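Asker: OK, TrEMBL features for this one:
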DOMAIN    66-178  domain 'PH'
DOMAIN    189-250  domain 'SH3'
COMPBIAS  263-274  compositional bias 'Basic and acidic residues'
REGION    263-285  region 'Disordered'
COMPBIAS  275-285  compositional bias 'Basic residues'
Amino acid sequence: QNILTKVEEGSEREASALQAHRELEKLVRACNDGVRKMSRTEQLISIEKTLEFKIKSVPIISHSRWLLKQGELQQMSGPRTSRTLRTKKLFRPVYLFLFNDLLLICKRQPGDRYQVFDVAARGLLRVEELEDQGQTLANVFILRLLENAHEREFTYMLKASSQSEMKRWMTSLVPNRRTKFVSVTTRVFDCPQVQCVHPYIAQEPDELSLDLADLLNVQDRTDDGWVYGERLHDQERGWFPSSVAEEIMNKDIRTQNLKECLRVHKSDDGSQNKDRRKMGSRTRQ
């Protein structure tokens, strides 16, 4: 993509560079997809072996399913009164398995086993952050299941161990919600932008691996050092430590980066439309 900054727009050299870029992207994507599918299937098999269903069982293994996030949160279990808030049993631990299409809510059992007591389709999840609720309810958010395992709406109040963990769960549960820098009316040119200065390898499924010089639009930040961003060249999204990237303060440079990125995507869209027209022509013949 950096080559495009050195060639004239609309020239033969640009066309050659864009074609090479497309072919390289296809090769990298094919290799990554093959490895990813094998790894995801193995992970699903491993998870399914640890589950016990207190409710009607749900088949876990599917070629179209993969794990997005898992971990323990604290569920608020008592009424919200001043007396209750002083008790030690206000919260109880729950364990969540979030897949791209499904959420399992479990109780952790001895021997790394999990008893599933509620499920919901990911598309039927809604989240809401609680603000200015005091120290006891810090990092608490509301998770609403529009239809749970018992075919009724149910609400959970869940507490995370930190602000970053809370925001990461909320982003994973409902990825298209409004964030700090992105809303329904936000234009992409309004987003802060960062560049990777230290390579980073993702440690969890909701994180994003970064290579040196990767450019990203910032969509959310936490006070404890995490950034949620979208990489410009492939639109992959995920969390990464703020320490591995530097913010691009110059507005002209941010705009130029976006223009070069849009140049590539526009060419890719044109190539895909051309391929579809060829396929349609062959079908008619």
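Note: Cβ is positioned from N, Cα and C throughout, glycine not excepted.
Heads up, TrEMBL stuff is auto-annotated, nobody curated it.
Remember, it's a predicted structure, so these values are computed and weren't measured experimentally.
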Asker: Counting by DSSP secondary structure, give me helix, strand and coil numbers for the domain 'PH' (66-178).
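Answerer: Counts, helix then strand then coil: 17 helix, 53 strand, 43 coil.
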Asker: Let's see if you can do this one: DSSP helix, strand and coil counts over the domain 'SH3' (189-250), in that order.
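Answerer: Counting residues by DSSP class gives 5 helix, 28 strand, 29 coil.
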